[in-house]
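Chemist: Before I ask anything, let me first share the structure, which is written out below as structure tokens.
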């Protein structure tokens, strides 16, 4: 068993060996290395054909038409293109956008930029379970609302939004619906023929594909228009200029094909491992799951261990590669804004750890993790005066602390 054990699949996944093997055929002189836009020779034709195959593989994953897939550098770019692209194109119709407080920074910061440009954004509060209540969503919709941007699966707490119901609501109100599916594409079944999603962001490295590649699904019927954010040679039907990275696109396509074929068996395994991990630690006193436990992606377990300081817990768990928030904000010592939005205290948010399980996690690794967690929590609490006070029956919420 290799240490540290990787329990951070929500931050990134290793490239599946089958994907890496396929990508190797599209880089060197003895492979297919041509520019897919070169129409005058075989090198270009072969590369273009490889891109077409991959485009169909990504489309098949969500049951879309291959012409609805636009390749990007990843979900961050897809989110930017979707949100800014819609806002700029439809601004004469209205300048109001709805999103939630628990979105990824790639959505929140894009919305903040649009606010600086004169758009109005409503940031919805989730319920205590991390899910946006439908009535709260409907109440925020106005005549000048042009876009709703909402994640399918939350990257920190793994809760799943009902995009079928939300899509129906948006369609009935004439509001464009963008879904950030970075954490769900390739993990949960998605069918855009049934679900009324207009735009969907997809990430390669979250589903065992390479980093630096993603896609944006753009619905053709009813047609969704975007204003391009990247100008140049007019690639990707004018929506995203830039030479297509054949090897990465092939990697994304292969990862999508594998995800579609293995989704059911992968999820059954991951679900069993998640339950094994939770059953091994749930009896530790003052241990709580953050986010809805039922309406949740099975590979995510976000747990707060009360009366344990987050950073010391991370150090105690040095043999486990885990995180205390999203990878994009893990350098910050601030408590997770997602957990704060759920109403957790700073202390509880600070004592939370996200365990994310994936395709290559084993039972042996989960059992090893349980042992380390049980031992570490006990040791850290022995050193905590707060734990001692709590055990003595002191109500810590009523204690007045003196600042020196």
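Each Cβ is built from the backbone N, Cα and C atoms, and glycine gets one as well.
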Chemist: Do you know which of 25, 46, 113, 183 Swiss-Prot groups with 75, 76, 155, 203, 204, 205, 243 in the pyridoxal 5'-phosphate site?
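Modeler: Among 25, 46, 113, 183, only 183 appears alongside 75, 76, 155, 203, 204, 205, 243 as pyridoxal 5'-phosphate-binding in Swiss-Prot.
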Chemist: Count the other Cβ atoms sitting within 10 Å of the Cβ of residue 183 (pyridoxal 5'-phosphate binding site), across every protein chain shown.
Modeler: 27
Chemist: Using a 10 Å cut-off on Cβ-Cβ distances across all protein chains shown, tell me which of the recorded positions (205, 206) has the largest neighbour count.
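Modeler: Going through 205, 206 one by one, the largest Cβ count within 10 Å is at 206.
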Chemist: Between all pairs in 75, 76, 155, 183, 203, 204, 205, 243 (listed as pyridoxal 5'-phosphate binders), what's the biggest Cα distance, rounded to the nearest Å?
Modeler: 30
Chemist: Residue 203 (pyridoxal 5'-phosphate binding site) has how many other Cβ neighbours within 10 Å of its own Cβ?
Modeler: 28
